[in-house]
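Read the structure below first, then the notes.
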């Protein structure tokens, strides 16, 4: 019995050590890819300049979209808001900061963002900037953005990557979620990242 117990304990230790090494290797790979590591320089709906440094120390769920989006962006923002609400219900978990970065700065100024985001999570921060600043922010997260041709009324649709990014307290990209993930699945994934979080040295 003692031998069996010792063998079982040894197996559990080896399994946990293997999982720890896999997590560390994955984080190193994410850093090497530099996905989402670039800084951004935008401003929020009150005109306050914002950069990635403002959110260090916080978990962030970040979505790129635009206010004239007919259906996809509202659905994704509803899902993001719901995931944050689910996480807020769990005592002991650190807060998650939801962010929305426009990919259509020509139409999405601070006032337009403020009106649009009122319908979603109360802590959802909207960010915009010059076309150059927005392109740089999208490029830092490898987000594809392409504005379509305007119609007779001057309206147009912006094609873009439909992804929600999770950024850790150290400012590193940790995960991403596509349209197929539900709010419950996003919240579960974020919770898992929080529980296994290991900050890496710069």
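The backbone N, Cα and C atoms fix where each Cβ goes, and this holds for glycine too.
Features reported for this protein in TrEMBL:
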DOMAIN    31-195  domain 'Thioredoxin'
DISULFID  69-73  disulfide bond
BINDING   69, 73, 160  Cu cation binding site
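Features recorded in TrEMBL, as mapped to the structure shown.
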residue : record                 : contacts (Cβ under 8 Å, 6+ apart)
69      : disulfide bond         : 157, 158
73      : disulfide bond         : 63, 65, 66, 67
160     : Cu cation binding site : 64, 65, 66, 103, 138, 143, 144, 145, 146
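Surrounding the centroid of the Cβ atoms of 69, 73, 160, where the record places Cu cation, the chain contributes additional residues within 8 Å, namely 64, 65, 66, 72, 76, 103, 158, 162.
Mean per-residue pLDDT, taken over the domain 'Thioredoxin' (31-195), amounts to 92.
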